[in-house]
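Colleague: Please see the structure below; I have some questions.
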Amino acid sequence: MTPASALVDQRSRPLRVLRLSLTARCNLACPYCCPDLEDPPDLLSLEQQLRLIRVACRLGIHSLRLTGGEPLLSARLLPLLQAIAAARATPGDPLQGLQQVALTTNGTLLSDQRACDLRQAGLDRITVSLDGVDGAVVARMAGRPTATAGDSLARKVLGGLASARSAGFDPLAGELKLNAVIQRGVNEDQLLPLADLARDQGVELRLIEYMDVGNRNQWRLDQVLSAAEMVTRIRARWPLQAVGRPTGGTAQRWRYVDGGGHLGVIASISEPFCGDCNRLRVTADGQAFRCLFASVGTDLKPALHCEAELLRLVADLWRRRDDRYSDERQQTTGSMPHAEMAYLGG
């Protein structure tokens, strides 16, 4: 087998990150994500998930992110984390090379007990999503009917942040972050309130450009507020110093000059990072996608019964990878369908 360090795609990009979705379901209805009401049939079993993670580690991944939908809706989350932790502690197991296990959640189900359970089960990092501070805006971004419902939702998310911090997820160590999708004309007025909130909470805020993932959200380019515009607006209130984007990373990071922490911006529309993208996405039912903006995936289930066969399939899939959709967006937008965000797991 080719050494993991030599496994690269057609553009010399290594495989380093696995994003594994546990469910396509969500308890919110964010219009940019459009989650499913039910999971697809034939969800991967715990054994299949572990086999996939083990193979991915053998092929070079060092980071695993568990996503959804809302992953806290999955009854398999804790058993999976516990099994991963046991493997990471076993001499000679490929999962010993796993440097971090992270989770993306909307935070509404992140109680004190849940956060403690996740930490004790071996979770290293949590990213919580909140797209505004004002109740009416939060309601609009989360598919809730009223501003009162939006206020209630925001309180739950902030409670989830507090629970994660109490459970030992340290923002200063990058173990707890806040994500926000920004859509021009919808929640762009929440930039400063969100930044103020994150500074007050001591967590890094990561602002995400509104992306053309899926077909249900009726995305248009004029709805995108660019990362540069976001930074300009925040910098006018709090001076910023550029930190940069690490190779293979998604966020361009900035440091508040006054010591108020860090800010990240993910500019997949205005400043694509296809050139060093190192992520493989696998859905809850075992479809592998080499690009967030892909239209079709590769079904891994026929190979999931045998680790050697799965290793060959994933390695071949990655070697043949030539995706750079964001770089080619102007030529391809509108001409091909995309898999939905909640199905892909972001």
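Even glycines carry a Cβ here, placed using N, Cα and C.
Keep in mind that this is a model prediction, so the values were computed, not measured.
Residues annotated as domain 'Radical SAM core' in Swiss-Prot, with sequence analysis given as evidence: 10-240. The GTP binding site annotation in Swiss-Prot covers Arg19, Arg65, Thr104, Lys177, Arg279, Leu280, Arg281 and rests on sequence analysis. Annotated [4Fe-4S] cluster 1 binding site per Swiss-Prot: Cys26, Cys30, Cys33, in sequence order, evidence recorded as sequence analysis. What Swiss-Prot lists as S-adenosyl-L-methionine binding site is Tyr32, Gly69, Ser129, Met211. Per Swiss-Prot, the feature [4Fe-4S] cluster 2 binding site maps to Cys274, Cys277, Cys291. The region 'Disordered' annotation in Swiss-Prot covers 326-346.
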Colleague: Just to be sure I understand the packing, how many Cβ atoms besides its own are within 10 Å of the Cβ of Cys274 ([4Fe-4S] cluster 2 binding site)?
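Modeller: I get 17 for this one.
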Colleague: I'd like to know which of the binding-site residues Cys26, Cys30, Cys291 sit within 10 A of Arg281 (GTP binding site) at the Cα level.
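Modeller: Cys291, listed in sequence order.
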Colleague: Can you tell me the three-state DSSP label for Arg19 (GTP binding site)?
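Modeller: The residue in question, Arg19 (GTP binding site), is strand (DSSP, three-state).
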Colleague: Can you tell me which of the binding-site residues Ser129, Lys177, Leu280 is spatially closest to Cys291 ([4Fe-4S] cluster 2 binding site)? Compare CA atoms only.
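Modeller: So, spelling it out, the nearest of the binding-site residues is Leu280.
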Colleague: In the structure shown, with every protein chain counted, which of the binding-site residues Thr104, Ser129 has the densest set of Cβ atoms within 10 angstroms of its Cβ?
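Modeller: Of Thr104, Ser129, the one with the most crowded Cβ is Ser129.
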Colleague: In sequence order, which same-chain residues at least six apart have a C-beta under 8 angstroms from Arg279 (GTP binding site)?
Modeller: Arg16, Val17, Leu18, Arg19, Leu292
Colleague: Going by C-alpha distance, which of the binding-site residues Cys26, Cys30, Thr104 is nearest to Met211 (S-adenosyl-L-methionine binding site)?
Modeller: Cys30
Colleague: Where the distance is taken from Cα to Cα, which of the binding-site residues Tyr32, Arg65, Lys177, Cys274, Cys277 turns out closest to Cys26 ([4Fe-4S] cluster 1 binding site)?
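Modeller: The answer is Tyr32.
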Colleague: Which secondary structure state does DSSP assign to Arg279 (GTP binding site), in the simple three-class scheme?
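Modeller: Assignment for Arg279 (GTP binding site) reads strand.
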Colleague: So how many other Cβ atoms are close to Arg19 (GTP binding site), meaning within 10 Å of its Cβ?
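Modeller: There are 21 of them.
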Colleague: Nearest of the binding-site residues to Cys30 ([4Fe-4S] cluster 1 binding site) by CA-CA distance, picking from Arg65, Gly69, Cys274, Cys277, Leu280?
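Modeller: That would be Gly69, the closest of Arg65, Gly69, Cys274, Cys277, Leu280 to Cys30 ([4Fe-4S] cluster 1 binding site).
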